[in-house]
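Chemist: Here's a structure for you.
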Amino acid sequence: MSWNAGGLDDAHWNDGGGNDMTWNPPGDKIEFDTGDFGGGKEFGGGDDACRNLVILLVIAPSLARPLELVSTVVKKECTKPRVFKGACRICDKEGHPASECPDKPADVCKNCKQEGHKTMDCTQNRKFDQHHIPDKLPEEAWAILKKASDEKDLEDFRDGIKIYSKAVPMATFDEIERKMREENFKVYLIGLDKEIADCHTLINLQGKLNCKFVVGYYFGDKPQRPNLKERWPQSSEENLKRLADAGIPLDRQIPKCVNCGQMGHGSRACPDERSVVEKVEVKCVNCNGMGHRARDCTEKRIDKFSCRNCGQPGHRSSDCTEPRSAEGVEFGHFAKDCPQGGGSRACRNCGEEGHISKECDKPRNLDTVTCRNCEEVGHYSRDCTKKKDWTKVQCNNCKEMGHTVRRCPKPVEGENAGDGFGDYGFGNNPGYDDMGGSRKDDGAFPESTPSWMNAGDGGTTVPTW
């Protein structure tokens, strides 16, 4: 057998036989090696065609003439009923699926293991599978519980409850709790309020469904967490009443449809129309494009820490030596040159336009002044009555916060040498006190005036307030 050999008697993939059905027949026949639905009679490995019709092409080598693709609708849009082909998995007969098999046995309820009704309609007690639980005498099972309680091992205690329930099938949670209190167990059974999902139900040791409270295992009879106080019983008597109608959350064994949210069927058997699921659209953080992630982005990687002016790494835009770039600006100009009008140029002192605060000829408006010490409005830092905040003081020598030049542990260098006051510890912070102007505008901190700002720094001592 070869891939491209001649001859008529052998089975070939690409031979030129006359009457046999080949995978690549000449002439006006279907091409199976195209890889897409290019049009005409070509057929390939795409997923655009309806699978109800594609299956006919796959099983067609025994036919005398080639088939033609008559539809390109997807499977979910096909209006023709799907024809079942194959053997039934129950009776091994062809012509019907297992759901329609006449020899199909009666459905067995997953809850009570009985025939004649569905799990959705069952009201009987749950039948537990206890084959994996060891058989013990009641005394031996109780000894296991006692040992787990003394060792404060909740995992062994939970297993001991199962063993004891198998040894004493009629023992309830409230009866077990009473007996535990008589023997001073260290573990407590507490009945708690708890909301459970629709797919779960609370079942007690006898298999009763739809109990009201959930059983919890704790090392004390008082709530240890704040979120348990509202769910905790008020007294031991109330706890015993709750335990009489308490259980453990288990699966209902009933399917829940993710399409309509109803119990009793899956999404495939849902009679309602298929709901549209809103998918979260992926956005690339590199190019801000939609539909792909940054790891799959074909654009050049953008350095988030590069200069915003020239785009080169290694420096900030404030230190950039290149001319200011207008790239990305809407009309290729700056705000101050905008023909449509830029931002407000009103004076921060008087609110009038046409000048800035340092050029204002009106008296200073203290309502626009923010203290650099307490950050309150209405006064300058030199007039602040609060204690000096050293965390906002910057040294002019080492540029560190928390001290002035006089207290700087490093040697004074350059033009700061011999200047004990510098900028009085606050540095050049625009937007405070001077309203954008220079320090000469308000005459802040004259060296000849006693002030609490230089008290303790070797300057003039300030009298008591």
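All residue numbers here begin at 1 and follow the chain in the order shown.
Using the three backbone atoms N, Cα and C, a Cβ is placed for every residue, glycine included.
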Chemist: Among the residue ranges 1-36, 217-252, 361-396, I'd like the one that TrEMBL describes as region 'Disordered'.
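Modeler: It is 1-36 that TrEMBL describes as region 'Disordered'.
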Chemist: Among the residue ranges 296-329, 398-431, 432-465, I'd like the one that TrEMBL describes as region 'Disordered'.
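Modeler: Here TrEMBL associates region 'Disordered' with the stretch 432-465.
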Chemist: Per DSSP, what is the residue tally for the domain 'CCHC-type' (283-299) in helix, strand and coil?
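Modeler: Across the domain 'CCHC-type' (283-299), the residues distribute as 3 helix, 2 strand, 12 coil.
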Chemist: Which residues of the same chain, at least 6 past either end of the domain 'CCHC-type' (256-272), have a Cβ under 8 Å from a Cβ in it?
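Modeler: Apart from its flanks, the domain 'CCHC-type' (256-272) reaches 118, 120, 198-199.
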Chemist: Per-residue pLDDT averaged over the domain 'CCHC-type' (88-103) comes to what?
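Modeler: So the average pLDDT across the domain 'CCHC-type' (88-103) works out to 87.
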